[in-house]
Structure formats: structure tokens, C-alpha cells
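These features come from TrEMBL:
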| type | residues | note |
| --- | --- | --- |
| TRANSMEM | 49-71 | transmembrane segment |
| TRANSMEM | 77-102 | transmembrane segment |
| TRANSMEM | 114-132 | transmembrane segment |
| TRANSMEM | 144-161 | transmembrane segment |
| TRANSMEM | 173-194 | transmembrane segment |
| TRANSMEM | 200-219 | transmembrane segment |
| TRANSMEM | 253-272 | transmembrane segment |
| TRANSMEM | 278-297 | transmembrane segment |
| TRANSMEM | 309-329 | transmembrane segment |
| TRANSMEM | 335-360 | transmembrane segment |
| TRANSMEM | 372-394 | transmembrane segment |
| TRANSMEM | 406-425 | transmembrane segment |
Amino acid sequence: MTSSPCMTVPSRGAAGTGAAPASILTSAAAAPSVSAVAGTAPRAGRATLGFHAAVLGTYFAAAVAPTPLYVLYREAFALSAGLLTVVFTVYAFTLLGALLFMGSLSDRFGRRPVIFAALLLQATAMLIFLRADGLAALLVGRTIQGFATGIAVSSLGAALVDCDRRLGAQVNGLAPLLGMALGGFGSSVLVTYAPEPLHLVYGVILALCLAEAALTFVFPETNAERVATPVSLVPRIRIPEAARTAMLRITPLNVGHWALCGFAMSLMPGVVARATGIHSPLLGGAIVASVFLPAAFSSHVLRGVAPHAIVRFAAPLSMLGIALVVTGVHLGAPALVVGGLMVLGLGLGGNFLAIMRTLVPLAAAHERSEMMAAYFLQCYLAMSIPVLVAGFAARSVGLAATVDGLGAICVLLIAAGGVAVVGGAQQARLAGERA
């Protein structure tokens, strides 16, 4: 075992392999940070954490970069709404496969080599998008991109926590949201005002991936507890025993929010365009930014609040945002839709932060990438399956009715998840008082 400038290895008994803490839904600040406390980490550790946060943000920016292009793809390649959802979901399902079969690679081989290989795969996908001339190229590119992202996200999430458990949990919640906001809006600006609207954004992401790949080995390896097990194609998705009750409670909340994210990144631009008559590519970027910039803001502002208290505030915000979006779609009111998306984003960011800070302290170092793989597996299933169903349902019942149905289901899920999380925190508090 080697030490890393980025971390001090905690004892396994204290990291969650034994009995669960008295409350699984209290602030992650109760768990000691790997680098003591945020802000006191060594400079090398902060730089390493910042690098991995930037790479994670790049992956999520790349995930939403095609969103403003879907309208152009539909016209250029004569794609239906159903085929567009196939393009979106093939990425998600490939990502799921990578998480399922390779999500624990960095626990065994180290974070750096896995992240480096994933960045090269992502660069390959961007090259394919640069030359895309039809549906087949889009499907191949999204397949490779999904595979690369599935390998990377669990490794990057684990690397952030290796550096600093408390700050890493916060950055795991913040970096994806900022990446999606900047990727969606930046892509829409390039598509609208720059030359080569179907290709330039992929050239920018390609350059970022190559630069990050070159920097990967400049920073230290963060995984000092590598598990020496042989390579196997047997799926290695595992939730640590100490985290299972928490995972069960947060699942409805998580599924409801990620289903909405998937819809916002795929079909929502078309829904709003039909409802309002606005067909600019900026619309897709504005929709993504309207959700994820407020989400990043609330994730940052609420970082010092206990997870169950965040959910008590954020879950109702999300439900209000859904109601505003549905109303705006039916009234053809773009301002109401954007306002609803912003309110939804505030709730999304808070709930995402609460979920990450609930789960992260419950996994030991050698369990982290497997647990992050399990979490992202749930996220991407929630993001892909409802969107795929909605895309084909829209052909039968119409986009407006599809929005109504998905919105109602997500409200019920978020409400049930909020009750489970807050109720679980109250039970844990009472149990602690009796003890």
C-alpha cells in the first residue's frame, strides 16, 4: 500500500464497514474528512481535487452538449422524436453497462490509469461526432461516449472523496451540475453564432479531453487502498451494508429528479418550441442552463446544512417547479416555463447535495468506486428509461399529455422520497435519544 499526497487512509472500521452511524441522514461533517477539514488540505491535495472536479465537469458538459443540436439533427437527418430519444438513451444504456461491469476498475488498478483511458475513449467519440453525417454515426459516437463516461464517473467520484471526504462529497454534487449548465448553454451559443454548428462544439470538447488526458499523470494517484483481485467480467456493483438503508430511502427522490433531468436534456426543447413557437438553438441551451445553474447555486449555498433539512426545503421546491413548467407548456408561456425550470433546478441541486452527503460517509475507501457506480447506475436508469418511454408515448398521446404524465409521476416520487428521508432522520434522532 502506498500513501498519497492527497489523502490519509482512514481505518476501515471507522469508514463504514461495521455498524452504521447513529444517524445515516445527518450532516457529513460529522464524519472526519480525509484531509481533516475542507480548506486545510495540503496544496497538492487541493490541486488534485480541483483537477478531478474539472474532468468530472467536462464529462457532464459533454453529456448535454448535443441537447441544442437535437433540433438541427432532426432537420438535417430527418429524425423523429422517437429516434432522438434512441440517440439519447443509447448513451445512457451504454454508460449503464460500463458502470455495471467496469465501475470498480479504479478500486483495483488505481484512479489515474482508468481516468486516462476513459478520456482517450471520450476523445474518440468526439472525433466521430465531428464527422457525423447521419443517424448511424450519432449512435456510434454516443455509444462510445456512454462507455467512456461510465468508466470515468465512478472513478472520478471516488477520487474526489479520496482527496477530502467532506469537500469531495460537496464537489461530487456541484461539478456535474456546473458541467451540465455550462455545457448546455455553451453548446447553444456555439451552435447559434459560430461556424460549423453541427461540429464545432465537439472540437472544443475534444481539445479539453486531450489536455486533461495529458495532465492525468501530473497529479498523484489518490487510491492508496487498491484491492488486488483478478480482472473479471462479473458485474461488480455493490452498496456497502452501512449505506443500504440510506440508499433505499433516497431512491424515490433520486429517481424523480433524474427522470426530469433526462427529459430536460432530450425532449423538453422540442416541447417548449412547439408550445411557444421559438425554434432557436439557444432554446435548448437556455433550458439546460435554467435547470442546472440554479441547481449548482443551491448546492453551493446549502453545503453547510444537514441533509434531511435540505430535503425538507428542496423537495417542495422541485414539486412547485414541475407544476410551473407544466402550466407554462399548456399556456404557451416561455417565461413561466423558464421560471419553473429555475425553481426545479433549485430543488434539484439541494436534493442532489443531500443525497451525496448522505451516502459518501458510509463507504470505506476500498468501497467507494463500487458505491459510486451503484449510485450512478440508478441515476442513469432513471434518466433513460422514462425518456425512452416518453419519446414514443408522445407519438400516441402528444407532447403536452406526455409532460403531464411524467410530471405527475415525478411529483409523487419526490414527495415519497422526501417523506422517507425526513422520516428516517427523525427515527434516527429518536433512537439516539433513547440510547
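Cβ coordinates are placed from backbone N, Cα and C, and glycine is handled just like the others.
The transmembrane segment (200-219) and the transmembrane segment (49-71) are in contact, since at least 3 Cβ pairs between them lie under 8 Å (pairs 6 or more apart in sequence). Only sequence-distant pairs (6 or more apart) were considered; of these, fewer than three Cβ pairs between the transmembrane segment (335-360) and the transmembrane segment (114-132) are under 8 A, so the stretches are not in contact. Beyond the transmembrane segment (309-329), the same-chain residues lying 6 or more positions past its ends with a Cβ under 8 Å from any Cβ of the stretch are 253, 256-257, 260, 271-272, 275, 298, 302, 335-351, 353-354, 400, 403-404, 407, 410-411, 414-415, 417-418, 421-422. Sequence-distant contacts of the transmembrane segment (253-272) (same chain, six or more residues past either end, CB-CB distance under 8 Å): 63-64, 67-68, 70-71, 74, 81, 84-85, 88, 92, 180, 184, 278, 283-284, 287-288, 291, 311, 315, 318, 322, 329, 334, 337, 341, 344, 347-348, 351-352, 355, 375, 378-380, 382-384, 386-387, 390-391, 394, 399-400, 402-403, 406, 409-414, 416-418, 420-421. When Cβ distances are compared across the two stretches, the transmembrane segment (144-161) makes contact with the transmembrane segment (372-394), since 3 or more pairs at least 6 residues apart fall below 8 angstroms.
Counting Cβ pairs under 8 Å to the transmembrane segment (372-394), the stretch among 49-71, 77-102, 114-132, 173-194, 406-425 with the most such contacts is 77-102. With a threshold of 8 Å between CB atoms, the same-chain residues lying at least 6 positions outside the transmembrane segment (406-425) that come near it are 23-26, 245-246, 248-257, 259-260, 263, 306-308, 311-312, 315-316, 318-319, 322-323, 325-326, 347, 351, 354, 358, 386, 390.
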